[in-house]
Amino acid sequence: MLRRPLLLVLFTVFSTLYAKDLRGVSPPTNESEAEVSPGDDEGPPEPGNEPDVNWRTLTIDPEDCKDKGKDCESLADEGNCLKKLNYAVGNCPWTCRFCKKENGDSKKCKDLAGERHCNGWKVKGDCVRLPDYMMQNCKLSCELCGPETRFKYTDEDVRCPEWAQAGYCSTNTDINLKCPHSCRKYKQRAPASTPYPYPVEALHPYQYRVVLPSVTILQTTTAAPSTQPAETTKAPPNTAAPTAAPTPAPTPAPAPAPTPAPVAPAPQTAPLAGSPPESTPEEQDDNSADESTEIEAGEGGGELCDEKHSSQQ
(Lines of atoms letter the chains of each structure in order from A; the text may use other names.)
(Lines give C-alpha, C1' and ligand atoms only; values in the text may rest on other atoms or scores of the structure.)
Protein backbone atom coordinates (compact mmCIF):
# COMPACT_ATOMS: atom_id res chain seq x y z
CA MET A 1 0.00 0.00 0.00
CA LEU A 2 2.92 2.33 0.60
CA ARG A 3 4.36 1.78 -2.85
CA ARG A 4 1.59 3.61 -4.70
CA PRO A 5 1.89 6.98 -2.86
CA LEU A 6 5.66 6.75 -3.16
CA LEU A 7 5.45 6.21 -6.90
CA LEU A 8 3.03 9.11 -7.23
CA VAL A 9 5.39 11.46 -5.36
CA LEU A 10 8.35 10.41 -7.49
CA PHE A 11 6.36 10.95 -10.70
CA THR A 12 5.33 14.46 -9.61
CA VAL A 13 8.91 15.46 -8.75
CA PHE A 14 10.24 14.09 -12.01
CA SER A 15 7.59 15.97 -14.04
CA THR A 16 8.42 19.25 -12.30
CA LEU A 17 12.14 18.92 -12.96
CA TYR A 18 11.52 18.03 -16.62
CA ALA A 19 9.31 21.09 -17.11
CA LYS A 20 12.02 23.38 -15.71
CA ASP A 21 14.55 21.92 -18.10
CA LEU A 22 12.26 22.60 -21.06
CA ARG A 23 12.17 26.33 -20.26
CA GLY A 24 15.82 26.66 -21.07
CA VAL A 25 15.58 25.00 -24.46
CA SER A 26 16.45 27.33 -27.36
CA PRO A 27 13.82 28.08 -30.07
CA PRO A 28 13.35 25.38 -32.70
CA THR A 29 15.70 25.51 -35.67
CA ASN A 30 13.60 23.59 -38.19
CA GLU A 31 9.97 23.14 -39.01
CA SER A 32 9.78 19.60 -37.62
CA GLU A 33 10.61 20.93 -34.12
CA ALA A 34 8.53 24.08 -34.54
CA GLU A 35 5.43 24.60 -32.53
CA VAL A 36 2.39 24.26 -34.75
CA SER A 37 0.12 27.28 -34.78
CA PRO A 38 -2.95 28.17 -36.86
CA GLY A 39 -1.95 28.87 -40.44
CA ASP A 40 1.50 27.17 -40.22
CA ASP A 41 0.48 24.56 -42.76
CA GLU A 42 -0.24 27.20 -45.40
CA GLY A 43 2.17 28.41 -48.07
CA PRO A 44 4.07 31.71 -48.00
CA PRO A 45 1.67 34.66 -47.80
CA GLU A 46 1.14 36.68 -50.93
CA PRO A 47 1.52 40.48 -50.80
CA GLY A 48 -1.67 41.92 -49.31
CA ASN A 49 -2.87 38.47 -48.12
CA GLU A 50 -0.79 38.08 -44.95
CA PRO A 51 -2.09 36.23 -41.88
CA ASP A 52 -4.46 38.12 -39.61
CA VAL A 53 -1.98 39.74 -37.23
CA ASN A 54 -1.77 42.90 -35.21
CA TRP A 55 0.48 45.00 -37.41
CA ARG A 56 0.95 47.62 -34.70
CA THR A 57 3.28 45.19 -32.94
CA LEU A 58 5.75 45.69 -35.80
CA THR A 59 6.49 49.26 -34.78
CA ILE A 60 10.08 48.63 -33.66
CA ASP A 61 12.40 51.42 -32.61
CA PRO A 62 15.73 51.64 -34.51
CA GLU A 63 17.75 50.97 -31.33
CA ASP A 64 15.87 47.68 -30.90
CA CYS A 65 16.36 46.60 -34.51
CA LYS A 66 18.81 43.77 -33.72
CA ASP A 67 18.73 40.00 -34.21
CA LYS A 68 18.88 37.87 -31.05
CA GLY A 69 18.18 34.44 -32.48
CA LYS A 70 20.64 32.14 -34.26
CA ASP A 71 18.23 30.84 -36.90
CA CYS A 72 17.07 34.19 -38.33
CA GLU A 73 18.46 33.63 -41.83
CA SER A 74 16.77 30.25 -42.23
CA LEU A 75 13.57 31.68 -40.79
CA ALA A 76 13.54 34.43 -43.41
CA ASP A 77 14.66 32.19 -46.31
CA GLU A 78 11.84 29.74 -45.60
CA GLY A 79 9.24 32.54 -45.57
CA ASN A 80 8.32 32.05 -41.92
CA CYS A 81 8.76 35.61 -40.67
CA LEU A 82 5.02 36.22 -40.78
CA LYS A 83 4.00 32.67 -39.98
CA LYS A 84 5.97 32.79 -36.72
CA LEU A 85 5.41 36.48 -36.20
CA ASN A 86 5.75 36.67 -32.41
CA TYR A 87 9.07 34.83 -32.43
CA ALA A 88 10.34 36.81 -35.46
CA VAL A 89 9.52 40.20 -33.93
CA GLY A 90 11.31 39.40 -30.69
CA ASN A 91 14.33 37.55 -32.11
CA CYS A 92 14.82 38.40 -35.81
CA PRO A 93 13.43 41.88 -36.52
CA TRP A 94 16.38 42.95 -38.68
CA THR A 95 16.69 39.82 -40.81
CA CYS A 96 12.90 39.72 -41.28
CA ARG A 97 13.11 43.40 -42.37
CA PHE A 98 10.62 44.64 -39.79
CA CYS A 99 12.63 47.75 -38.90
CA LYS A 100 15.51 50.01 -39.84
CA LYS A 101 18.86 50.22 -38.08
CA GLU A 102 19.90 53.08 -35.88
CA ASN A 103 22.24 55.46 -37.75
CA GLY A 104 21.77 53.34 -40.86
CA ASP A 105 20.41 56.03 -43.19
CA SER A 106 22.43 57.26 -46.15
CA LYS A 107 22.02 60.40 -48.22
CA LYS A 108 23.20 58.57 -51.32
CA CYS A 109 20.61 57.25 -53.76
CA LYS A 110 21.57 53.58 -53.78
CA ASP A 111 20.49 50.15 -52.54
CA LEU A 112 22.40 49.45 -49.33
CA ALA A 113 21.07 45.88 -49.24
CA GLY A 114 22.26 45.16 -52.77
CA GLU A 115 20.55 45.64 -56.11
CA ARG A 116 19.79 41.94 -56.58
CA HIS A 117 17.99 41.60 -53.26
CA CYS A 118 16.16 44.92 -53.53
CA ASN A 119 14.83 44.22 -57.02
CA GLY A 120 13.48 40.84 -55.91
CA TRP A 121 11.82 42.35 -52.85
CA LYS A 122 10.31 45.15 -54.91
CA VAL A 123 8.64 42.64 -57.25
CA LYS A 124 6.99 41.02 -54.22
CA GLY A 125 5.56 44.39 -53.12
CA ASP A 126 7.86 44.76 -50.12
CA CYS A 127 8.50 48.46 -50.78
CA VAL A 128 5.04 49.13 -49.33
CA ARG A 129 4.70 46.04 -47.11
CA LEU A 130 7.97 46.64 -45.21
CA PRO A 131 8.42 50.42 -45.45
CA ASP A 132 10.93 51.14 -42.68
CA TYR A 133 13.55 48.69 -43.91
CA MET A 134 13.00 49.27 -47.65
CA MET A 135 13.10 53.06 -47.40
CA GLN A 136 16.48 52.88 -45.68
CA ASN A 137 18.10 50.05 -47.62
CA CYS A 138 16.40 49.90 -51.08
CA LYS A 139 15.50 53.50 -51.90
CA LEU A 140 16.78 53.30 -55.49
CA SER A 141 14.86 50.11 -56.37
CA CYS A 142 11.73 51.46 -54.66
CA GLU A 143 11.97 54.57 -56.91
CA LEU A 144 12.25 57.01 -54.02
CA CYS A 145 15.09 58.76 -55.86
CA GLY A 146 16.76 58.41 -59.22
CA PRO A 147 18.27 59.92 -62.34
CA GLU A 148 14.98 61.56 -63.34
CA THR A 149 15.76 64.34 -60.84
CA ARG A 150 19.56 63.95 -61.10
CA PHE A 151 19.64 62.24 -57.67
CA LYS A 152 18.92 65.59 -55.99
CA TYR A 153 15.56 64.72 -54.42
CA THR A 154 14.40 61.83 -52.23
CA ASP A 155 10.82 60.94 -51.35
CA GLU A 156 9.86 60.66 -47.69
CA ASP A 157 7.19 58.00 -48.12
CA VAL A 158 7.22 54.63 -49.88
CA ARG A 159 3.77 55.41 -51.32
CA CYS A 160 5.03 58.41 -53.31
CA PRO A 161 5.53 56.66 -56.68
CA GLU A 162 1.95 55.37 -56.67
CA TRP A 163 0.54 58.67 -55.42
CA ALA A 164 2.30 60.60 -58.17
CA GLN A 165 1.23 58.21 -60.92
CA ALA A 166 -2.39 58.51 -59.73
CA GLY A 167 -2.28 62.32 -60.02
CA TYR A 168 -2.43 63.24 -56.31
CA CYS A 169 0.61 65.54 -56.40
CA SER A 170 -1.45 68.38 -57.88
CA THR A 171 -4.50 67.81 -55.65
CA ASN A 172 -2.94 67.19 -52.21
CA THR A 173 -0.43 69.59 -50.67
CA ASP A 174 0.87 67.08 -48.10
CA ILE A 175 1.61 64.52 -50.80
CA ASN A 176 3.35 67.13 -52.90
CA LEU A 177 5.65 68.05 -50.00
CA LYS A 178 6.42 64.42 -49.10
CA CYS A 179 7.22 63.37 -52.66
CA PRO A 180 9.66 65.84 -54.28
CA HIS A 181 11.20 63.17 -56.51
CA SER A 182 8.06 61.36 -57.68
CA CYS A 183 6.04 64.56 -58.17
CA ARG A 184 8.75 65.88 -60.48
CA LYS A 185 9.14 62.54 -62.24
CA TYR A 186 5.41 62.24 -63.00
CA LYS A 187 4.58 65.93 -63.36
CA GLN A 188 2.87 65.33 -66.71
CA ARG A 189 0.18 63.13 -65.15
CA ALA A 190 -3.37 64.48 -65.13
CA PRO A 191 -4.74 65.53 -61.71
CA ALA A 192 -6.72 62.94 -59.78
CA SER A 193 -10.48 63.24 -60.29
CA THR A 194 -11.28 62.68 -56.59
CA PRO A 195 -9.47 63.61 -53.34
CA TYR A 196 -7.19 61.05 -51.70
CA PRO A 197 -9.52 59.13 -49.34
CA TYR A 198 -6.98 57.87 -46.76
CA PRO A 199 -4.84 59.67 -44.16
CA VAL A 200 -1.51 60.74 -45.61
CA GLU A 201 0.15 60.23 -42.22
CA ALA A 202 -0.13 56.52 -41.39
CA LEU A 203 -1.01 55.56 -37.82
CA HIS A 204 1.76 52.95 -37.90
CA PRO A 205 4.26 51.90 -40.60
CA TYR A 206 2.38 48.82 -41.73
CA GLN A 207 -0.78 50.69 -42.47
CA TYR A 208 0.98 51.56 -45.73
CA ARG A 209 -0.23 48.32 -47.25
CA VAL A 210 -3.33 50.18 -48.49
CA VAL A 211 -2.07 52.80 -50.94
CA LEU A 212 -4.73 53.53 -53.54
CA PRO A 213 -8.52 53.29 -53.33
CA SER A 214 -9.85 49.98 -54.52
CA VAL A 215 -11.85 49.79 -57.73
CA THR A 216 -15.02 47.70 -57.77
CA ILE A 217 -15.23 45.64 -60.93
CA LEU A 218 -18.77 44.90 -62.02
CA GLN A 219 -19.12 41.26 -63.00
CA THR A 220 -21.46 40.53 -65.85
CA THR A 221 -23.31 37.22 -65.76
CA THR A 222 -23.30 35.28 -69.01
CA ALA A 223 -26.36 33.18 -69.71
CA ALA A 224 -25.73 29.49 -70.44
CA PRO A 225 -26.02 28.63 -74.13
CA SER A 226 -29.34 27.07 -75.09
CA THR A 227 -29.35 23.57 -76.60
CA GLN A 228 -32.46 24.29 -78.65
CA PRO A 229 -31.93 25.78 -82.10
CA ALA A 230 -32.86 29.36 -82.26
CA GLU A 231 -36.02 30.16 -84.16
CA THR A 232 -35.32 32.00 -87.35
CA THR A 233 -37.84 34.38 -88.82
CA LYS A 234 -37.80 34.75 -92.55
CA ALA A 235 -37.53 38.28 -93.65
CA PRO A 236 -40.42 39.46 -95.87
CA PRO A 237 -39.58 39.94 -99.56
CA ASN A 238 -38.25 43.29 -100.39
CA THR A 239 -41.37 44.52 -102.24
CA ALA A 240 -41.42 48.09 -103.28
CA ALA A 241 -44.26 50.03 -101.80
CA PRO A 242 -46.91 51.19 -104.33
CA THR A 243 -46.50 54.72 -105.44
CA ALA A 244 -49.44 56.81 -104.37
CA ALA A 245 -51.19 58.82 -107.10
CA PRO A 246 -50.27 62.43 -106.87
CA THR A 247 -52.93 64.59 -105.40
CA PRO A 248 -53.97 67.23 -107.93
CA ALA A 249 -53.31 70.69 -106.85
CA PRO A 250 -56.47 72.64 -106.14
CA THR A 251 -57.56 74.81 -109.09
CA PRO A 252 -57.88 78.37 -107.98
CA ALA A 253 -61.32 79.85 -108.49
CA PRO A 254 -61.39 82.28 -111.49
CA ALA A 255 -61.45 85.83 -110.48
CA PRO A 256 -64.72 87.51 -111.59
CA ALA A 257 -64.24 89.76 -114.60
CA PRO A 258 -65.04 93.36 -113.94
CA THR A 259 -68.50 94.39 -115.22
CA PRO A 260 -68.07 97.02 -117.93
CA ALA A 261 -69.75 100.26 -117.29
CA PRO A 262 -72.87 100.85 -119.50
CA VAL A 263 -72.05 102.84 -122.61
CA ALA A 264 -74.28 105.83 -123.15
CA PRO A 265 -76.01 105.89 -126.61
CA ALA A 266 -74.43 108.20 -129.07
CA PRO A 267 -76.45 111.38 -129.53
CA GLN A 268 -78.55 111.50 -132.73
CA THR A 269 -78.09 114.52 -134.90
CA ALA A 270 -81.16 116.11 -136.34
CA PRO A 271 -81.55 115.69 -140.14
CA LEU A 272 -80.73 118.68 -142.25
CA ALA A 273 -83.46 120.42 -144.11
CA GLY A 274 -84.00 119.07 -147.68
CA SER A 275 -81.94 115.86 -147.11
CA PRO A 276 -83.73 112.57 -147.42
CA PRO A 277 -84.49 110.79 -144.25
CA GLU A 278 -82.10 108.12 -143.17
CA SER A 279 -83.34 104.66 -143.87
CA THR A 280 -83.32 101.83 -141.45
CA PRO A 281 -81.24 98.74 -142.10
CA GLU A 282 -84.35 96.82 -143.23
CA GLU A 283 -85.22 99.53 -145.72
CA GLN A 284 -81.67 99.52 -147.03
CA ASP A 285 -81.89 95.74 -147.62
CA ASP A 286 -85.20 96.17 -149.52
CA ASN A 287 -83.76 98.95 -151.68
CA SER A 288 -80.70 96.92 -152.57
CA ALA A 289 -82.94 94.00 -153.56
CA ASP A 290 -85.05 96.27 -155.82
CA GLU A 291 -81.96 97.69 -157.43
CA SER A 292 -80.63 94.25 -158.27
CA THR A 293 -84.01 93.28 -159.78
CA GLU A 294 -84.02 96.38 -161.95
CA ILE A 295 -80.51 95.68 -163.14
CA GLU A 296 -81.43 92.14 -164.11
CA ALA A 297 -84.50 93.35 -165.86
CA GLY A 298 -82.51 95.94 -167.76
CA GLU A 299 -80.02 93.36 -168.88
CA GLY A 300 -82.82 91.10 -170.03
CA GLY A 301 -84.50 93.92 -171.96
CA GLY A 302 -81.26 94.71 -173.68
CA GLU A 303 -80.97 91.17 -174.94
CA LEU A 304 -84.49 91.27 -176.32
CA CYS A 305 -83.78 94.53 -178.12
CA ASP A 306 -80.70 93.03 -179.70
CA GLU A 307 -82.67 90.03 -180.96
CA LYS A 308 -85.32 92.27 -182.51
CA HIS A 309 -82.75 94.41 -184.17
CA SER A 310 -81.00 91.47 -185.73
CA SER A 311 -84.27 90.00 -187.03
CA GLN A 312 -85.25 93.23 -188.73
CA GLN A 313 -82.07 93.32 -190.61
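Every residue, even glycine, has its Cβ placed from backbone N, Cα and C.
Annotation source Swiss-Prot lists signal peptide at 1-19, citing sequence analysis.
Per Swiss-Prot, region 'Disordered' is recorded for 24-56 (among others).
Sequence annotations record features per position, and here Swiss-Prot assigns compositional bias 'Acidic residues' to 32-44 (among others).
Annotation note: CYS65 (disulfide bond) sits in a coil segment as assigned by DSSP. The local packing around CYS65 (disulfide bond), expressed as other Cβ atoms within 10 Å of its Cβ over all shown chains, amounts to 19. The feature disulfide bond is assigned by Swiss-Prot to CYS65-CYS99 (among others).
The annotation domain 'ShKT 1' is assigned in Swiss-Prot to 65-99 on the grounds of a curator's inference.
What Swiss-Prot lists as disulfide bond is CYS72-CYS92 (among others). Cβ environment of CYS72 (disulfide bond): ASN91, CYS92, TRP94, THR95, CYS96 lie under 8 Å away, each six or more residues apart in the same chain.
Annotated disulfide bond per Swiss-Prot: CYS81-CYS96 (among others), in sequence order, evidence recorded as a curator's inference. When secondary structure is read from DSSP and collapsed to three states, CYS81 (disulfide bond) falls in the coil class.
With a 10 A radius on its CB, CYS109 (disulfide bond) counts 18 other CB atoms from all the protein chains. Per Swiss-Prot, the feature disulfide bond maps to CYS109-CYS145 (among others).
In the three-state DSSP reading, CYS127 (disulfide bond) counts as helix. Residues or ranges marked as disulfide bond by Swiss-Prot: CYS127-CYS142 (among others).
Sequence-distant contacts (6 or more apart, same chain, Cβ under 8 Å) of CYS179 (disulfide bond) comprise ASP155, GLU156, ASP157, CYS160, TRP163, ALA164, CYS169. Positions annotated as disulfide bond by Swiss-Prot: CYS160-CYS179 (among others).
Sequence-distant contacts of CYS183 (disulfide bond), defined as residues of its own chain at least six apart whose C-beta falls under 8 angstroms from its C-beta, comprise CYS160, ALA164, CYS169, ILE175, ASN176. The disulfide bond annotation in Swiss-Prot covers CYS169-CYS183 (among others).
Under the heading compositional bias 'Low complexity', Swiss-Prot lists 222-244.
Sequence annotations record features per position, and here Swiss-Prot assigns region 'Disordered' to 222-313 (among others).
What Swiss-Prot records for 245-265 is compositional bias 'Pro residues'.
Look at Swiss-Prot and you will find 280-297 (among others) tagged as compositional bias 'Acidic residues'.
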Around the C-beta of CYS81 (disulfide bond), how many further C-beta atoms are within 10 angstroms, looking at every protein chain?
23
Long-range Cβ environment of CYS99 (disulfide bond), under 8 Å and at least 6 residues apart:
LEU58, ILE60, ASP61, PRO62, ASP64, CYS65, PRO93, ASP132, TYR133
Under DSSP, is CYS96 (disulfide bond) helix, strand or coil?
coil
Helix, strand or coil: which one is CYS169 (disulfide bond) in, per DSSP?
coil
Give me the long-range Cβ neighbours of CYS142 (disulfide bond): same chain, 6+ apart, Cβ under 8 Å, in sequence order.
CYS118, LYS122, CYS127, MET134, MET135, VAL158, PRO161
Express the distance between the Cα positions of CYS145 (disulfide bond) and CYS81 (disulfide bond) as a whole number of Å.
28
